[in-house]
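Please read the structure below before turning to the comments.
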Amino acid sequence: MTPLIEIDGLSKSYPGVRANEDVRFSIAPGEVHALLGENGAGKSTLVKMIYGLVRPDAGTMRLRGEPYAPPRPSVARERGVAMVFQHFSLFDALDVAENVALGMENPPPMRALAKRIREVSEEYGLPLDPARLVGDLSAGERQRVEIVRCLLQDPKLLIMDEPTSVLTPQEVEILFRTLRQLSAEGTAILYISHKLEEIRALCDGATILRRGRVVGSCAPREKTARELAEMMVGQTLTPPARAERARGPIALEAAMLDLDSPNPFGVGLRGVSFQVRQGEILGVAGVAGNGQDELLLALSGEIRSPTDAVRIDGHGVGHLGPVARRRLGLVAAPEERLGHAAAPDMSLTENALLSGGPRRGLVARGLIDWAKTRIFAREIVEQYDVRTPGIEVAARSLSGGNLQKFVIGRELSQDPSVVVVNQPTWGVDAAAAAAIRQALLDRAAAGAAVVVISQDLDELLEVADLFAALNGGRMTKPRPTQGLTVDEIGLMMGGAHGMEEAHAHHA
Amino acid sequence: MLITLEKRPTPSRGWAIATPVLAVILTMIAGGVMFALLGKNPVEAIRTIFWDPLFNPDVASYSRPQLLVKAAPLILIATGLSLGFRAGIWNIGAEGQYIMGAICGAAAGLALYPLEARWIVFPLMILAGALGGLLWAMIPAILRTRFRTNEILVSLLLVYVAQALMASMALGALRNPEGGGFPGSRNLSQWPAAANGELVANTGLHWGVIAAILAVIAAEFLLRRHILGFDIRLTGLAPRAARFAGVNPDRLILLCMGISGALAGLAGLFEVAGPAGQISIDFASGYGFTAIIVAFLGRLSPVGILLAGLLMALTYIGGELAQFMLSLPSAAIQAFQGMLLFFLLAVDVLSNYRIRLATKGAA
């Protein structure tokens with residue numbers, strides 16, 4: 001059988017980086033093929049070449065035996081190649097059908113389109129109402145809009161970039177059923193993910209990329225997740241060490257925390273209550289946009305609340321700002337590194353001062369002690385293995401993983417008694433992610449109360465002692481992580497959006 | 001071949017210093033072309049603007065002191081504005097605060113007329129001048145923090161209110177009772193207790209110049225060493241990171257508007273008690289608006305503003321000289337000054353971006 005797509009010797013260089021070098025593999029019709037690799041391994045560049053967003057420097061592709069060199073995505077779509085991006089390109093203020101129409105070359109009349117959307121979504125088990133506003137949809141439903149948009153073009157090859165990062169386990173199941181159905185009908189799927197268990201469950205074949213080159217291929221079902229990870233990283237991985245930790249008194253407490261989101265399409269918090277003891281890690285799961293950002297802002301002090309809604313060591317701090325809370329021992333690391341946790345155009349030294357002032361004594365009577373600040377910055381860079389040419393470079397010149405290590409390092413080096421982090425390893429390579437998780441565990445072992453907000457369930461199961469989920473701004477009662485089943489976790493996270501009437505309570 | 005701009009990972013320090021110089025050179029070239037098209041000798045015109053005011057023996061004795069007289073208010077106002085601009089707080093109404101400083105300072109002094117105790121009258125006028133500017137700036141500041149109004153609009157519109165107030169003062173409350181009914185207050189520069197005269201003869205050095213230098217030093221220190229200066233820079237560069245750091249945005253607005261208002265008020269007081277001499281209908285001369293250009297010409301850095309203020313003053317004096325000696329139209333001089341700002345903003349891109357020649361297709 002001729003392969004659906006054959007990739008032969010594709011290379012692409014950017015100034016200073018070889019993103020892809022002599023990449024070759026092929027996908028058969030109906031095959032679900034995984035593209036595995038760490039961040040920066042060249043997966044994105046490769047799929048962008050296949051989708052016509054980037055022109056290769058060298059190499060050729062053949063689609064169903066015919067030469068294929070798409071100069072732009074519209075040509076790729078005409079030839080039957082479709083792609084669902086990790087970040088959605090949807091307009092909140094338009095409805096589903098309008099959003100789908102915007103992505104089409106020649107959209108049919110709205111009525112006909114709405115009918116087609118309903119047919120396709122039913123056929124593939126992706127419930128979707130064409131008349132709903134995208135701004136009101138959950139992340140999973142938004143993804144369905146993107147998928148349905150692709151399916152309307154009747155693709156032969158569907159590229160999916162990290163599709164499950166925003167889904168609950170139940171939603172992942174629905175998506176997989178759809179993908180298997182597509183595969184059975186002969187549509188090939190190129191599936192990019194770093195979630196190895198998913199790849200083992202779904203994919204027939206896998207190509208592994210490291211530093212732009214193909215370093216191996218395998219049938220994922222025949223390998224363990226650990227073996228796949230080691231092929232990806234090229235080294236043996238050690239799981240984080242979890243020392244037995246002594247639990248102290250309650251260090252951080254939220255009591256019926258209510259607040260409105262500062263963001264018009266954001267989700268406010270409703271009656272969030274929890275307690276974290278010294279030496280304990282609370283993991284907060286949930287699909288993005290269910291109040292995670294708001295929870296971090298409320299705990300860090302960027303959004304104020306009634307005095308007793310947030311307590312540190314028993315003292316009500318809800319009315320205090322970030323500086324006062326830092327003095328009391330609470331440090332925080334928001335999700336967005338550039339622009340929130342760090343100022344992109346400032347040097348690492350200045351970024352060290354950004355939150356390190358109060359606890360490290362970098363400012364005395366209003367005067368900045370730059371010598372001390374530089375020592376602090378250097379200490380973070382050394383202890384947390386931040387790869388940077390120096391501490392005077394702008395924060396934006398660091399890679400995502402290195403900047404994240406800097407941010408986490410900056411907060412953890414302040415001898416905190418309470419740590420709150422949101423998405424600590426988002427977009428960070430496996431080695432850096434492991435280092436960050438280990439640092440959080442070490443901090444808890446040193447007696448800090450830690451709250452880890454994350455969409456990565458594996459991460460939470462790895463580090464958290466207590467597990468809770470945020471859904472529509474409400475938080476479930478924290479339960480011990482040990483002994484939780486995936487089904488229970490899924491139910492805590494709110495189940496599958498759109499599959500049941502239960503989620504209509506967010507008024 | 002395609003010219004593309006590539007963002008530098010770290011802004012270039014070398015270019016940050018070189019771009020203002022490059023902008024001045026480009027202005028000279030483009031301005032020279034314009035003067036040539038107007039039928040004037042471009043070299044002579046440029047020399048008249050940049051060289052003669054300082055070194056031509058026929059005119060320098062008059063124009064050299066003017067340099068400090070004109071530069072001082074520009075530097076004083078621009079230094080204050082630059083703090084707010086760095087934090088993304090746009091006080092466009094320094095002209096109004098400058099006028100209110102002059103009115104309040106002059107009124108405080110005139111209330112004591114003809115007291116001869118300079119140590120009471122002059123300090124009181126300085127204080128009233130600064131306070132007048134500060135309070136005028138508090139109107140847009142408080143409206144912004146309380147009601148989220150746009151400080152650009154409010155501060156700008158208040159300029160016209162201040163101008164109307166100035167006219168009414170010159171015709172009414174502050175009119176010289178011995179002035180034979182002519183509009184305008186008593187001449188403060190002829191009243192020793194209130195005069196802001198030259199401290200050293202024929203240099204143009206007056207108290208406003210000293211205040212400007214002190215303001216530059218204080219602002220430089222604030223931005224380099226003080227946490228407040230850090231907060232200002234952080235708020236401008238990354239507002240969300242500033243909130244994360246714990247900066248209170250409303251407090252920063254009040255502070256930056258207050259400082260810039262007070263400095264503009266001071267500039268107004270020193271002007272009304274010295275070079276201008278009196279409250280009059282045409283007192284406002286646009287220093288408050290020109291200072292915005294000076295602030296950007298100086299890269300929003302205090303030392304840069306010091307140099308930019310002197311340069312701007314030079315083009316004003318030189319421009320007047322060129323009008324007078326070469327009969328260049330005043331519109332041409334204004335266009336020349338406009339070119340300076342245009343080139344300055346245009347070349348600024350070089351400190352953050354690098355120009356690359358790329359072959360087509362390698363998108």
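Here the Cβ of each residue, glycine as well, is placed from N, Cα and C on the backbone.
If you look up TrEMBL, you'll see B:15-38 (among others) marked as transmembrane segment. Residues 45-46, 50, 297-299, 304, 307-308, 311, 328-329, 332, 335-336, 339-340, 343-344, 346-348, 350-351 of the same chain lie 6 or more positions beyond the ends of the transmembrane segment (B:15-38) yet place their CB under 8 Å from a CB of it.
If you look up TrEMBL, you'll see B:67-85 (among others) marked as transmembrane segment.
Long-range Cβ contacts of the transmembrane segment (B:121-143) within its own chain (Cβ-Cβ under 8 Å, at least 6 residues beyond either end) map to 91, 93, 96-98, 100-109, 112, 115, 149, 151, 154-155, 158, 162, 193-194, 196, 207, 253-254, 257-258, 260-266, 268-270, 273. Annotation comment: TrEMBL describes B:121-143 (among others) as transmembrane segment.
If you look up TrEMBL, you'll see B:152-174 (among others) marked as transmembrane segment.
Marked as transmembrane segment by TrEMBL: B:205-223 (among others). For the transmembrane segment (B:205-223), the residues of the chain that approach it from at least six positions outside its boundaries are 68-69, 71-73, 75-76, 79-80, 82-83, 86, 126, 196-199, 229, 232-233, 263, 266-267, 270-271, 274-275, 301-303, 305-306, 309, judged by C-beta separation under 8 angstroms.
Beyond the ends of the transmembrane segment (B:252-273), by six or more residues, the same chain brings 72-73, 76-77, 79-81, 83-84, 87, 89, 91, 94-95, 97-106, 109, 122, 125-126, 128-138, 140-142, 144-145, 151, 155, 188-189, 194-196, 206-208, 211-212, 215, 228, 231-232, 235, 279, 283, 287-288, 291 to within a C-beta distance below 8 angstroms of the stretch. According to TrEMBL, the feature transmembrane segment maps to B:252-273 (among others).
Under the heading transmembrane segment, TrEMBL lists B:279-298 (among others).
Long-range Cβ contacts of the transmembrane segment (B:305-325) within its own chain (Cβ-Cβ under 8 Å, at least 6 residues beyond either end) map to 20, 24, 45, 48-50, 52-54, 59, 63, 66-68, 70-72, 74-75, 78-79, 82, 212-213, 216, 290, 293-295, 297-298, 333, 336-337, 340. Look at TrEMBL and you will find B:305-325 (among others) tagged as transmembrane segment.
The transmembrane segment annotation in TrEMBL covers B:331-350 (among others). Listed by sequence, the residues of this chain that lie at least six past the ends of the transmembrane segment (B:331-350) yet keep a Cβ under 8 A from its Cβ atoms are 5, 12, 15, 18-20, 22-24, 26-27, 30-31, 34-35, 38, 49, 293, 296-297, 312, 315-316, 319-320, 322-323.
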Contact set, same chain, for the transmembrane segment (B:152-174): CB under 8 Å, 6 or more residues outside the stretch: 90-97, 99-100, 102-103, 106-107, 110, 136-137, 139-140, 143-144, 183-185, 257, 279-281, 283-284, 288
